[in-house]
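Chemist: One structure, as structure tokens, below. Some questions next.
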């Protein structure tokens with residue numbers, strides 16, 4: 001990671017998309033892009049890998065299903081198989097329809113909540129976290145692209161002006 | 001313009017011919033007397049465990065002793081009524097095989113009609129490219145609906161015993177059926193069926209006419225008209241579809257009732273219809289006729305297949321679990337019959353209609369792989385055939401069911417007719433509408 005970065009501000013997501021494509025075509029490394037809202041196709045233009053969060057969610061769902069089955073089997077069948085209103089507590093399968101609502105809900109519960117927690121962990125979000133925002137305008141109506149500088153400041157500046165940037169700023173990257 | 005490929009045409013004719021022969025074999029080999037019925041069952045048992053005649057007798061009489069020759073008068077009377085019951089079940093088998101297959105293919109085109117009306121009423125931007133495919137499939141509504149109607153008329157004329165409430169003798173001894181006679185009587189039954197079919201066929205023909213007129217016109221009045229008719233049709237459809245499911249399917253078990261049955265049948269026809277749209281679109285695309293249909297359209301259809309499969313399972317389970325849980329004798333017999341005599345089709349259907357599409361169509365990438373969608377579609381269609389089979393057969397043939405010559409004959413005949421009629425209609429109009437307001441959006445659709 002470059003210690004010095006150049007921050008280019010844009011006012012339009014279309015211009016930003018073209019700029020991202022051009023910068024990548026010129027083989028410069030884009031460190032980060034800050035936008036006020038999701039820009040459709042930006043991840044593809046930046047060449048980011050697909051998210052795997054859906055796969056984690058599927059596995060969490062399987063875990064939730066297993067938890068429900070083991071729990072209901074232990075409580076209702078193994079531990080104390082009472083006759084409750086004539087329901088057949090002889091085996092799990094015989095009484096399964098009664099457990100399906102719980103199996104379903106726990107599957108969804110695990111899949112949803114653990115996936116959200118995974119998302120928070122992976123994107124480093126938590127309460128009292130210091131906001132990583134190079135320019136406050138990027139949460140309102142500006143788009144910011146951050147490109148690392150490797151002894152090519154002049155060339156990069158010219159390129160970024162050319163892509164329609166409204167403002168350029170060279171800063172030391174924190175940490 | 002689409003040209004009907006010769007191989008497909010010949011294939012559909014062969015399927016129809018073989019299906020007709022199989023159905024004829026089914027009807028000819030059905031017994032006409034009690035003795036024949038007993039012989040058929042005895043032969044089936046001999047195949048099973050090589051037992052002698054005595055064993056068969058014992059089995060039929062419901063006695064425990066072998067070679068029951070000491071039957072009391074009461075038991076003899078019971079035997080006679082049992083034998084007659086058996087005869088009716090065996091006679092019903094080819095009729096039920098015919099009816100299940102006729103209804104299955106009819107319900108596919110009705111499900112597509114509902115999907116089509118929803119796409120029009122919702123002004124969906126992705127689907128106009130597929131409208132002609134859907135219109136082609138709904139064309140089968142006319143021959144398929146007429147055939148189903150004819151089968152119902154023949155049932156009213158006592159050609160078979162599929163609907164017991166049509167038998168005046170039975171009703172005379174059955175308080176429950178007498179109570180329902182205000183609704184379940186042959187005249188009103190046929191009048192209702194005619195109204196349902198008339199309404200559906202009218203909407204289909206009129207919407208198709210407007211759709212073709214829109215291509216040639218220079219404003220959007222036809223499109224707007226079609227939008228209004230589609231919205232009105234959906235109201236009509238929801239009411240009539242529910243009543244149709246009581247009439248045509250639930251009334252084979254006239255002692256039994258379920259409130260969400262109409263929705264359940266709807267989910268089954270909806271998912272089969274969407275599956276067939278996807279399969280025919282993929283087929284036409286592979287032959288180069290739908291160049292503007294891309295993987296995103298297929299992806300959307302596969303998403304519908306996935307979601308409605310789960311919706312079907314939700315309704316199946318809701319109906320089953322409520323009845324299983326409360327275990328009220330008058331309701332639960334429906335499932336007891338299926339659990340005892342239909343274990344494999346009943347639970348096999350659940351695997352094919354739920355677990356298989358759930359696992360296969362969950363992945364977003366797989367929904368774009370065309371052969372994957374075709375493979376899932378075949379399983380889903382077979383599963384929903386079994387679904388109709390499980391709804392009709394236990395009431396008409398009971399434990400005398402098989403998936404043998406008459407059943408396969410029914411599938412082949414109506415499958416052939418369906419393919420012939422649908423693809424023949426596809427040749428009648430260009431496969432891409434010319435000036436639908438959403439056409440450009442659909443052409444560029446990308447997910």
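One is the number of the first residue shown, and numbering goes on along the chain from there.
Backbone N, Cα and C define each Cβ position, glycine as well.
Just so you know, TrEMBL annotations never went through curation; they're auto-generated.
Sequence annotations record features per position, and here TrEMBL assigns compositional bias 'Basic and acidic residues' to B:50-63. Among the features that TrEMBL reports, region 'Disordered' is placed at B:50-75. What TrEMBL lists as transmembrane segment is B:12-30, B:97-118, B:139-163, B:183-203, B:229-249, B:261-284, B:304-324, B:344-362, B:369-388, B:408-426.
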Chemist: Given pairs 6 or more apart, does the transmembrane segment (B:139-163) have at least three Cβ pairs under 8 Å with the transmembrane segment (B:408-426)?
Modeler: yes
Chemist: Counting Cβ pairs under 8 Å to the transmembrane segment (B:229-249), which of B:12-30, B:97-118, B:304-324, B:408-426 comes out on top?
Modeler: B:97-118
Chemist: Counting a contact as 3 or more Cβ pairs under 8 Å, with residues at least 6 apart in sequence, do the transmembrane segment (B:369-388) and the transmembrane segment (B:97-118) touch?
Modeler: yes
